[in-house]
Amino acid sequence: MSEYKETLNLLQTPFPMKGDLPRREPALVERWAAQRVYARMRAAAAGRPPFVLHDGPPYANGDIHIGHAVNKVLKDIVLKSRFAAGYDAQWIPGWDCHGMPIEHRIEQLHGRGLPPAAVQRLCREYAFEQTERQRRDFLRLGLLGDWPHAFRTMDFRTEANELRFLERIRARGLLYRGQKPVNWCVDCQSALAEAELEYARKTSVAIHAGLRVRDPVDFASRFRRRPVLDKPAMLVVWTTTPWTIPGNAAAGVRADAPYGLYDTPGALIVVAQPLADALFASLGVDHALCALARGRELVGLALGQPFFAGRDVPVVEAEFVTLDAGTGIVHLAPAHGAEDAELCRRLGIAGENVVDGAGRFAADLPEIGGLPLADGIARIVAKLRADGTLVREAAFEHAYPHCWRHKTPILFRSTPQWFIGMDIECEQGEADPGRAAVTEEAGATGEARKVGKAEEAEEAGPAKTLRASARDAIADVPFYPPSARQRMEAMIDGRPDWCVSRQRTWGVPLPYFVRRDDRSLHPRSARLVEAVAARVERDGIAAWSRLRPAELGVDENAYEKLSDTLDVWFDSGSIHATVYRDAARADTGGYPADLYLEGADQHRGWFGASLMTGCAADGRAPFRAILTHGFVVDGAGRKMSKSLGNTVSPQRIADTRGADILRLWIASTDYAAEMSISDEILERVVETYRRMRNTLRFLLQNVADFDPRDDAVPAGQLLDVDRYALARCREFVDACRSAYARYDFVAVTRLAHGYCAEELGGFYLDALKDRLYASVADGVERRAAQTALHSVLANLLISIAPILSFTAEEAWTVFAGDERDSVFLHTWDEHAPPPDDAALARWAHVRALRPHVTKALEEARGAALIGRSSEAELVVRAPRDVLDALAPLHGELAAVFIVAGVTLETADQIAVAVARTPLARCERCWRHEPSVAAHASGDALCARCRHALSRRARAERSEPRAAVGSR
């Protein structure tokens with residue numbers, strides 16, 4: 001064949017076998033930006049059904065990490081696949097910019113004590129720098145989106161709209177001021193939301209402490225026995241927060257639980273009977289049960305406060321007492337526990353903070369005032385021991401909430417804060433803050449009271465609590481994976497009132513004026529908030545910092561403005577009010593968003609915050625579906641940690657292997673679970689990528705001289721195997737569309753790899769090679785094959801483009817011959833071939849027969865009967881119904897099986913016999929053909945090759961032509 005090689009249709013392509021992705025990809029990033037590809041996608045999609053993907057904004061601080069990459073690439077895959085499916089797919093990226101981490105960073109760089117205006121200016125500058133830095137990293141991953149209009153929560157308009165949105169919630173009666181225990185970080189010097197907590201192992205000092213009985217006679221009567229005066233009697237509590245002992249205000253018991261009175265060497269001790277054996281075993285003391293009483297019989301008993309000798313505390317019924325650990329008697333400190341506070345509020349029992357905002361004991365506490373927590377705990381324990389009320393002290397390891405930023409344990413302490421109430425009933429329907437003027441304010445005990453009156457919202461539904469509204473709002477929302485629904489429901493059911501106020505400088509202010517005497521809101525709050533919002537929209541949050549109440553007609557002697565800022569989760573959780581509903585961006589269309597997509601930790605984070613703000617303002621969720629992805633772990637299943645040295649940089653992967661390798665790993669990994677990554681795993685991804693790239697290269701080579709406008713063959717002139725290939729292409733497209741639509745990207749990668757390796761590489765392309773290489777270059781047989789390949793290639797590229805974005809675009813540029821064109825401007829509906837069930841049915845018999853043929857050929861090679869399959873003639877024996885199906889395809893079977901000939905015979909079962917062909921071999925195409933005869937050159941050529949050479953010679957004589965393969 002060597003002397004005929006130049007006469008074959010062996011075409012070239014500028015699409016190389018080696019991807020060299022780290023070098024090629026950055027140029028495509030620049031091209032997409034310069035050519036405004038996303039904007040052109042939106043323009044091309046005008047009038048199509050909208051699909052809105054709302055971005056949960058990452059925090060604008062530091063380099064992006066592998067979790068960011070997973071999140072953003074998944075969103076990009078969704079966006080591009082929805083466009084390919086015929087939607088006007090929209091994604092506006094953004095950043096979360098306010099909050100403690102940035103303010104803390106500015107304090108590190110510039111020191112504390114700066115005036116608020118300076119802090120806000122420096123924070124804004126720093127946040128902007130961080131967003132630009134992260135933007136570059138995100139773009140490097142191939143993300144398309146509305147980057148020119150990316151949002152930042154610190155944008156003036158966004159800040160202003162957040163104020164307006166908060167006022168809508170207040171107008172529905174859900175915002176109130178209360179004195180409640182909140183999560184408090186001594187380093188942040190601020191309250192924290194549940195979503196700002198991380199749970200880590202902590203070893204605490206746990207104590208069993210006795211609360212002495214004040215009246216032995218009353219005590220004895222409750223156990224129906226005579227008083228015992230020779231020993232002190234104590235109810236024993238167990239706590240892992242001994243620092244709260246000075247704040248003890250009551251002891252809680254379970255009403256129906258049995259409590260035993262036990263005689264021990266040093267005292268009479270009362271604990272829940274089911275827990276007594278374990279307790280006394282840990283103490284190692286002898287004990288004897290003297291009497292029993294139900295918890296309800298102990299209610300009202302007076303006990304001595306364990307820290308303050310002259311103070312009494314009562315025994316109360318507490319429904320949250322359990323009998324699975326401890327003593328069955330709970331130490332209640334209403335200033336330092338949510339359940340304690342609520343119970344004591346109902347009972348009229350006041351509580352006092354024993355720790356200040358810096359984590360030191362209150363200055364007025366005897367013996368421990370002003371001490372750091374650890375020192376004070378030691379003195380409390382020593383005092384209890386000296387008083388004879390310390391029953392046991394031990395180290396206790398448990399999961400404890402820590403500040404997500406400082407990694408330090410938080411405190412629970414009562415502070416005046418602003419809350420969105422989860423269980424306050426309000427009318428359903430969108431509130432009109434211009435007509436309504438209602439709020440809630442809570443007194444020192446946390447009880448909410450009305451301070452205004454709400455006018456009914458138009459078309460208001462029945463009153464519901466925010467908790468109930470949130471539950472109803474997600475009832476019909478699909479979750480991916482479905483198990484994520486339970487997490488969201490658990491978040492709703494267990495969520496306390498949302499503390500939305502913070503004591504920081506860099507944040508959106510609570511835009512209210514309160515009376516100096518009773519802290520009630522100004523009666524004109526609705527109009528005042530709009531006036532403040534107008535100023536913030538012009539000048540940012542600095543406008544509030546420098547605003548004097550008198551400028552808005554507020555009596556400064558009677559009112560003062562709040563100094564609190566809003567929780568950053570309220571910032572990001574309310575961003576839907578600006579990004580997709582703001583009149584300035586009315587072109588986005590579609591609210592609620594079609595999809596929210598974030599990590600598994602966002603059920604109590606952004607998912608939860610968005611759900612609560614949407615329901616609080618409008619009574620509905622701001623999303624139609626939720627997709628949750630898992631965290632990234634290393635190859636051994638360990639979480640990423642700098643201390644373990646197992647972190648993986650997405651930038652490094654992009655710079656060494658290519659962003660498409662990272663994208664393919666993300667798509668081929670089940671996001672519903674933890675996502676493992678390592679060099680070994682990435683190497684396997686590279687192998688998958690190479691297979692698909694080689695398939696693309698083969699396809700591009702073999703359509704290099706094909707122009708569908710001039711060369712396409714009508715469907716009626718296609719060979720049946722080409723029609724079958726197009727039918728299988730349509731099945732592949734439909735399967736990909738379905739998998740993308742249900743966000744099953746693992747299925748897409750399997751489909752694409754299987755299509756390249758098995759359907760194309762393992763069947764159709766093998767069957768085509770002879771026709772492509774040896775047939776007349778512009779003959780119908782070859783053009784028919786190219787017609788099918790052109791469609792296959794277009795649909796394959798559109799199908800893999802959401803995942804292998806760089807590679808698909810590189811290939812499309814070669815395929816289209818136009819750098820201005822982009823694969824992302826095309827849809828399946830434009831290119832997918834029509835379904836052809838008849839072709840699929842015909843060729844199902846061929847595909848079923850193929851394994852029998854392959855096995856027979858392998859056995860013939862093993863017996864040295866043949867070398868190449870082209871030297872074989874087959875006798876296919878099969879039942880009549882199979883032969884009837886194969887008969888119309890008989891003329892194509894030899895090419896499909898790559899043999900010299902096929903004979904069909906009837907038999908009861910399928911069997912394939914192989915014989916060596918006696919036919920001569922063509923020296924050009926290497927087929928064994930009856931038409932092989934001597935050529936003028938002296939070589940033996942088949943009739944097809946003689947015709948091809950003759951056509952080629954005439955063409956060369958008639959006019960000079962470019963080398964075969966040029967466009």
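Placement of Cβ uses the backbone N, Cα and C atoms for every residue, glycine included.
As annotated by Swiss-Prot, L-isoleucyl-5'-AMP binding site applies to Glu598. Under the heading ATP binding site, Swiss-Prot lists Lys642. Sequence annotations record features per position, and here Swiss-Prot assigns Zn(2+) binding site to Cys922, Cys925, Cys942, Cys945. As annotated by Swiss-Prot, compositional bias 'Low complexity' applies to 437-446. Feature annotation from Swiss-Prot assigns region 'Disordered' to 437-466. The motif ''HIGH' region' annotation in Swiss-Prot covers 58-68. Residues or ranges marked as motif ''KMSKS' region' in Swiss-Prot: 639-643.
Feature map: annotations from Swiss-Prot on the structure.
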| residue | record | Cβ within 10 Å |
| --- | --- | --- |
| Glu598 | L-isoleucyl-5'-AMP binding site | 22 |
| Lys642 | ATP binding site | 7 |
| Cys922 | Zn(2+) binding site | 26 |
| Cys925 | Zn(2+) binding site | 24 |
| Cys942 | Zn(2+) binding site | 25 |
| Cys945 | Zn(2+) binding site | 27 |
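The residues of the motif ''KMSKS' region' (639-643), classed with DSSP into helix (H, G, I), strand (E, B) and coil, number 0 helix, 1 strand, 4 coil.
In the motif ''HIGH' region' (58-68), the DSSP tally of helix, strand and coil residues is 3 helix, 1 strand, 7 coil. Apart from Cys922, Cys925, Cys942, Cys945, the Zn(2+) site neighbourhood in this chain, defined by C-beta within 8 angstroms of the site C-beta centre, holds Ala774, Glu923, Arg924, Trp926, Arg927, Glu929, Val932, Leu941, Ala943, Arg944, Arg946. Outside the motif ''KMSKS' region' (639-643), and at least 6 residues removed from its termini, the chain residues within Cβ reach (under 8 Å) are 65-67, 631-633. Non-local neighbours of the motif ''HIGH' region' (58-68) in the same chain are 95-97, 99, 101-102, 105, 127-128, 130-131, 133-134, 137-138, 152, 599, 631-632, 640, 647-651, 677; each lies 6+ residues outside the stretch with a CB under 8 Å from one of its CB atoms.
Counting in whole angstrom, Cys922 (Zn(2+) binding site) lies 61 from Glu598 (L-isoleucyl-5'-AMP binding site) by their C-alpha atoms.
Among the binding-site residues listed (Glu598, Cys925, Cys945), Glu598 has its Cα nearest to the Cα of Lys642 (ATP binding site). When the alpha carbons of Cys942 (Zn(2+) binding site) and Glu598 (L-isoleucyl-5'-AMP binding site) are compared, the span between them is 63 angstrom.
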